[in-house]
Amino acid sequence: MEIEQRRIMKREGEEEEDNNQLSLQEEEPDTEEEMSGRTIEPWTKQITVRGVFVSIVIGVVFSVIAQKLNLTTGIVPNLNSSAALLAFVFVQTWTKILKKSGFVAKPFTRQENTMIQTSAVACYGIAVGGGFASYLLGLNHKTYVLSGVNLEGNSPKSVKEPGLGWMTAYLFVVCFIGLFVLIPLRKVMIVDLKLTYPSGLATAVLINGFHTQGDAQAKKQVRGFMKYFSFSFLWGFFQWFFSGIEDCGFAQFPTFGLKAWKQTFFFDFSMTFVGAGMICSHLVNLSLLLGAILSYGLMWPLLDKLKGSWFPDNLDEHNMKSIYGYKVFLSVALILGDGLYTFVKILFVTIANVNARLKNKPNDLDDVGHKKQRKDLKEDENFLRDKIPMWFAVSGYLTFAAVSTVVVPLIFPQLKWYYVIVAYIFAPSLAFCNAYGAGLTDINMAYNYGKIGLFVIAAVTGRENGVVAGLAGCGLIKSVVSVSCILMQDFKTAHYTMTSPKAMFASQMIGTVVGCIVTPLSFFLFYKAFDIGNPNGEFKAPYALIYRNMAILGVQGFSALPLHCLQMCYGFFGFAVLVNVVRDLTPAKIGRFMPLPTAMAVPFLVGAYFAIDMCVGTLIVFVWEKMNRKKAEFMVPAVASGLICGEGLWTLPAAVLALAGVKPPICMKFLAS
């Protein structure tokens with residue numbers, strides 16, 4: 001997934017966000033009284049058989065959904081709240097069925113809910129960040145051809161076709177090591193520094209709410225989820241009958257006319273993206289639409305008129321020296337400008353905050369902590385009760401680092417063992433910086449650390465092996481930094497729901513194991529059934545091409561760019577930095593309207609249609625909030641989850657039918673009269 005999911009959905013005005021972080025901690029007085037009066041079960045009883053089963057089911061379903069979203073657009077919304085909601089729905093339904101059948105069912109606690117959510121998110125998180133639509137897919141032959149077979153730096157030897165065996169092995173050796181990096185610092189970051197981790201805290205508040213709000217509201221959420229899940233699934237089934245061959249069906253409906261359709265401006269009736277638009281913030285969705293208008297509405301039609309002047313008119317439309325090169329590298333410039341600025345900003349915030357703490361300067365979070373000291377002490381006591389030994393963390397990290405140093409070069413001979421060792425020497429400090437920054441700002445910078453590693457490794461390895469080494473090394477660094485950050489966010493959730501850290505760590509391990517097995521299988525379900533990486537098809541996988549061309553830039557430098565593309569890249573890079581500066585330095589009423597450059601970059605390659613889908617979702621939420629804000633607040637996650645899961649689940653039978661050679665019977669197409 002490529003867009004940093006936690007990041008693009010949380011940056012709608014940092015002043016508002018800071019207030020929200022503090023208000024989250026001041027909510028639910030009844031919840032805390034109830035929790036303080038209840039005996040917390042030992043960590044071994046917080047992990048249940050039914051909890052593991054439900055987490056696997058949710059994790060598998062979400063892995064398929066995330067894989068589809070990744071391979072189509074690269075935009076995957078944060079599904080943590082959906083996972084918590086589904087866990088509550090499944091287990092509550094299970095419990096009620098057992099009770100009506102005369103069986104005794106164990107009460108469903110917030111700790112078990114937290115465990116299920118953690119495990120499911122760990123599972124689908126590998127589908128989001130495992131590189132199946134970016135750095136790993138960027139190694140295949142199709143992406144090599146799209147990048148330009150005659151392009152300097154794009155060596156014919158830099159190809160590795162996807163394989164179930166090597167992909168599964170790669171995931172197992174790079175994903176687990178991140179779980180051990182920051183375990184020794186959990187007390188420092190959660191208890192001593194009191195970092196907020198807004199995503200983890202928000203999930204905890206949601207889970208606490210499920211278990212205290214009463215049956216009436218929970219029933220409404222369940223009914224809303226089931227209603228829209230059924231509608232979305234049946235709609236996907238209905239659409240399938242009319243999608244006989246390429247460019248057929250409702251997904252190609254020329255909503256705004258055939259001229260607009262040729263420039264990808266149409267509504268494709270995707271309930272998945274409508275649901276994703278309901279979860280993503282208005283700023284994200286409008287940034288996507290702005291990027292679509294800027295690219296397919298203005299730039300690409302203008303550049304197309306320069307065919308024969310700026311680039312030869314006899315080139316294939318997907319040749320990197322034609323207009324396609326501008327699409328790829330301008331989107332790369334936006335992403336790098338946004339990422340570099342955010343990286344420097346978070347680094348500065350982290351250093352400034354550490355310096356302030358060393359000087360014992362009070363801050364707002366400390367004041368909140370003093371006001372709720374009794375509650376905090378109860379949470380801290382529970383959080384510190386089940387200690388994870390230091391020797392366990394150190395031995396786990398060293399063991400997986402040693403295994404990875406041996407296995408990764410066997411999978412990718414171009415990535416030498418000493419590069420792996422150097423990466424793991426720096427990984428703990430990078431992981432700490434990233435996790436600390438995420439605790440303050442809720443921005444997970446793992447992808448940016450990965451991109452830096454990609455450029456460095458690609459540059460030092462050389463032309464023949466640089467692309468493969470850079471892409472593989474990118475995954476190595478990104479996985480360690482990302483997994484450790486997500487675990488720390490989950491520790492924050494555990495702290496607030498009074499769940500044992502040992503139970504959380506075990507849940508992460510379970511989810512990671514399942515994810516390492518399920519994610520490659522779900523990827524190959526799509527890879528075998530659909531035309532993955534086709535720029536004109538549904539599954540464009542834009543980030544595979546973006547990452548490969550980043551590696552080529554690292555190897556070759558700017559000679560890989562088409563005519564005048566470098567100057568345009570400077571402009572877009574500067575625009576990305578400028579937008580961020582304006583957002584941070586101007587008042588919130590101005591800064592909150594600044595677009596997100598990374599979100600703007602996605603339609604450059606994918607097209608405008610999915611941005612329109614997302615904006616339909618944001619329009620639904622906007623109108624709903626105007627009509628009944630209170631109802632919208634607790635129903636939007638349920639309805640959006642239903643829309644995403646319904647059509648997402650239909651993908652499974654659709655893929656099976658495609659593998660079996662069963663084609664839709666009707667082709668619905670629209671032609672000019």
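Note that Cβ sites are derived from N, Cα and C of the backbone, with glycine treated the same way.
Predicted, not measured: the structure shown is a model, and the values here were computed from it.
The compositional bias 'Basic and acidic residues' feature in Swiss-Prot is assigned to 1-13. As annotated by Swiss-Prot, compositional bias 'Acidic residues' applies to 14-34. The region 'Disordered' feature in Swiss-Prot is assigned to 1-39. Per Swiss-Prot, transmembrane segment is recorded for 71-91, 119-139, 163-183, 260-280, 283-303, 328-348, 392-412, 442-462, 510-530, 558-578, 604-624, 642-662 (among others).
The transmembrane segment (260-280) is not in contact with the transmembrane segment (392-412), judged by fewer than 3 CB-CB distances under 8 Å for residue pairs 6 or more apart in sequence. Counting same-chain residues at least six beyond the ends of the transmembrane segment (558-578), those with a Cβ under 8 angstroms from any Cβ of the stretch are 151-154, 310-311, 320-322, 325-326, 329-330, 332-338, 340-341, 549, 552, 597.
The stretches the transmembrane segment (163-183) and the transmembrane segment (283-303) are not in mutual contact, being linked by fewer than three Cβ pairs under 8 Å (pairs 6 or more apart in sequence).
In this chain, the transmembrane segment (604-624) touches the transmembrane segment (283-303); three or more CB pairs sit within less than 8 A of each other, excluding pairs fewer than 6 residues apart.
With Cβ pairs under 8 Å as the measure, the transmembrane segment (642-662) is packed most heavily against 510-530, out of 71-91, 119-139, 392-412, 510-530, 604-624.
Away from its own ends, the transmembrane segment (71-91) comes close to residues 1-3, 5-6, 9, 50-51, 54-55, 57-58, 62, 65, 108, 112-113, 116-117, 120-121, 124, 128, 132-134, 199, 202-203, 206-207, 210, 218, 221-222, 225, 273, 276, 279-280, 288, 526, 530, 532, 538-543, 599, 602, 606, 610, 614, 637-638, 640-641, 644-645 of its chain (Cβ-Cβ under 8 Å, at least six residues beyond either end). Counted over residue pairs 6 or more apart, the CB atoms of the transmembrane segment (119-139) and the transmembrane segment (510-530) come under 8 Å in at least three pairs, which marks the two as touching. Within the chain, the transmembrane segment (510-530) has long-range Cβ neighbours (under 8 A, six or more residues past its boundaries) at 52, 55-56, 59-60, 63-64, 67-68, 71, 118-127, 130, 132, 162, 164, 167-168, 171-172, 175-176, 179, 483, 537-539, 651-652, 654-656, 658-659.
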